[in-house]
C-alpha cells in the first residue's frame, strides 16, 4: 500500500512527477518487451496457415496490431501482458469470423508449437482461454533478462479495411455488424484500431491521467493482506467480478 498512500498524499502539482517516478515503464525494459513481441508479430505475418474444411486453403494474417495499454501508450510499469489482434484473410464477414473462430485458434496454436523462433523465446503455457471472444494465450521471455511476458492473440475480421487513422467507418459496416447478431463484445476486436487510436493520439496529460486511474484501480482491488482500501468504490467495477484480494490484470481494464 506504500504507493497508494503516496498517491493520496501527492498534491496535484506533483502528479506528473509521480507518474514519471512510479508508473511509467523504463524505456529499456519497454524496448526489451517489444522486441520479444515483435518476434510473435513477424511469425503471424510471415506464416501461411493451412486451412481446413470451411476455411480458405491458405490463411494469412493481413495485419497485426497491439491493443490495450501497449497499443495506446498508457502502459503501467507493473504490466507484463501484451494484447495482439490479428486480422485474417479467411474472414470475409462477421458471420464467418464467429463460425470459424475456434478453428482458427486451433490452427494458430498448432503452428506456433512448431515455430523455432518462438521456442527460442521460451514459449510455454500455450492455451485457448475462454474470454469474449476466446483468445490464444501463452508466455514468452525477454531475450536479455528472461522476464516472462504473457501474450494474448485474438483473431478478427478486418471489417474496417485499410482505413486511415482518423477516418470514420462507412455506415454499412455497422449495418453488417447488427445483422450478424453477435453477443456483446464478440466482434469488438474488429474495431480495435478505432479503440486504440482514440487514446493513442491524445495528449500526454490524458495518458498520465489514465495511468493514475488504472494504478488506483489495481491497488484498490489488490491492497495486499488485510481489508480492501477504504476508498474503494463499487461504481468503478469493470468486467467480471473477481475474488477479494486477487490482482486485477492489465487486460481486465478498458484502457
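The backbone N, Cα and C atoms fix where each Cβ goes, and this holds for glycine too.
Just so you know, TrEMBL annotations never went through curation; they're auto-generated.
Going by TrEMBL, these are the annotated features:
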type     : residues : note
DOMAIN   : 168-225  : domain '2'-5'-oligoadenylate synthetase 1'
REGION   : 220-255  : region 'Disordered'
COMPBIAS : 229-240  : compositional bias 'Basic residues'
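As a summary of secondary structure, the domain '2'-5'-oligoadenylate synthetase 1' (168-225) carries 41 helix, 0 strand, 17 coil according to DSSP.
When pLDDT values are averaged over the domain '2'-5'-oligoadenylate synthetase 1' (168-225), the model yields 86.
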